[in-house]
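Here is what TrEMBL records for this protein:
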DOMAIN    1-358  domain 'FMN hydroxy acid dehydrogenase'
BINDING   Tyr26, Tyr131, Arg166, His253, Arg256  glyoxylate binding site
BINDING   79-81, Ser108, Gln129, Thr157, Lys229, Ser251, 284-288, 307-308  FMN binding site
ACT_SITE  His253  active site, proton acceptor
Amino acid sequence: MEDEPVNIREYEEIAKQVLPKMFFDYYNGGADDEYTLRENMEAYRRIMLRPRILVDVSRIDMSTTLLGYKMHSPIMVAPTGMHKYAHPEGEVATARAAAACNTLMVLSFSSSQKIEEVASSCNAVRFFQLYVYQKREVSATLVRRAEEYGFKAIVLTVDTPRLGRREKDIKNKLILPQLSNLDGLVSVDIGPKGGSDLEAFASQTLDPSLCWNDIEWLRSITSLPIILKGIITAEDAIKAVEMGVSGIVVSNHGARQLDYSPATISVLEEVVKAVSGAVPVLIDGGIRRGTDVFKALALGAKAVLVGRPILYGLAAKGEKGVKSVLKMLQSELELTMALCGTTSINKITRKHVQTEGDRLRSLL
């Protein structure tokens with residue numbers, strides 16, 4: 001009997017072994033030199049924990065709420081595309097695992113299964129991630145379907161006026177299947193093949209004119225709360241609040257868009273201070289341990305979104321693997337909270353971490 005993985009790194013190794021190189025590279029790769037891809041994880045490692053002792057930690061409460069919806073822990077499933085690359089049951093397996101772990105899943109527009117299929121797979125709270133197309137009616141149709149089938153918020157990705165250069169996908173000549181949610185709306189048949197199908201498809205369909213005024217357009221077609229995903233500066237965070245959005249995701253798109261943009265954890269505090277509590281701030285990118293989750297919460301995140309680890313679990317063991325990954329991170333977070341002397345999420349404070357900036361200031 002093979003040993004069960006004991007951490008996310010081991011799940012990654014299994015995924016690398018079982019997936020075709022094209023698909024593993026699609027999930028695991030970043031833009032250009034992949035500097036930001038590495039930095040997303042390394043930046044967490046440079047943050048130290050400051051535990052408090054002699055606190056009664058016999059009971060730990062990891063629960064939290066987002067937009068009024070309660071979760072067992074602040075660990076959510078990030079929007080990632082084409083789960084059927086990893087497992088035949090695709091996003092349905094992921095959705096069931098998230099529901100079993102009492103956490104919230106954000107379904108990607110590029111899901112390999114339809115909004116309706118995922119919605120009917122299990123009873124759970126879910127958000128829907130949206131891109132804006134040159135043909136606005138395509139995006140409007142997806143929003144209407146998500147709202148009709150019970151999704152509770154729209155997570156608008158705002159960092160992709162054009163697709164980042166993902167060299168592994170180009171070299172592998174990534175094959176893009178017809179995206180189920182776009183059946184009858186947009187074809188992925190992009191003509192002569194050459195490099196990455198995804199790059200060619202994005203260049204012909206994504207709307208590079210998307211701007212702040214379009215938040216009003218989106219609000220005009222849905223009554224759902226709108227969360228902006230892809231903000232990494234205080235200036236854009238302030239503007240988002242002014243536009244009346246319901247939340248922000250600090251994200252560099254998993255380092256798949258602009259290489260040499262900062263690691264998300266390194267700019268989280270800047271964004272949190274800019275919004276001053278007006279809206280919840282979430283974060284994704286580079287999270288591989290429960291200690292990473294704790295660090296993000298200490299720097300002001302309301303919750304974290306986990307992407308690649310979910311795909312590793314799905315590739316390795318299907319729905320069971322996704323459950324295992326989520327429970328692993330939840331268990332690591334619970335242990336970190338106990339060892340840091342924090343019995344609930346709201347007791348995790350800025351004083352529980354020491355950043356590079358803190359260490360430099362202490363030397364002055």
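Positions of Cβ are set from backbone N, Cα and C atoms, glycine also.
Of all the binding-site residues listed here (Tyr26, Tyr131), the one with the fewest other CB atoms within 10 A of its own CB is Tyr131. A Cα-Cα distance of 13 Å separates Gln129 (FMN binding site) from His253 (glyoxylate binding site). Closest to Gly81 (FMN binding site) in space, going by CA atoms and restricting to the binding-site residues Tyr26, Tyr131, Arg166, His253, Arg256, is Tyr26.
Nearest by CA distance to Tyr26 (glyoxylate binding site), out of the binding-site residues Lys229, Asp284, Gly286, Arg308, is Arg308.
Fewest Cβ neighbours within 10 Å among the binding-site residues Lys229, Arg288: that distinction goes to Arg288. Of all the Cβ atoms in the protein chains shown, 28 others lie within 10 Å of the Cβ of Gly286 (FMN binding site). Separation of the C-alpha atoms of Arg308 (FMN binding site) and Arg256 (glyoxylate binding site): 12 Å, rounded to the nearest whole number.
Counted over every protein chain shown, other Cβ atoms within 10 Å are most numerous around Asp284 among the binding-site residues Arg256, Asp284. For Tyr131 (glyoxylate binding site) paired with Lys229 (FMN binding site), the C-alpha to C-alpha distance reads 10 Å. Most Cβ neighbours within 10 Å among the binding-site residues Pro79, Gly81: this distinction goes to Pro79. Close to His253 (glyoxylate binding site) in the fold, though at least 6 residues off in sequence, lie Thr157, Asp159, Thr160, Gly164, Gly230, each with a CB less than 8 Å from its CB.
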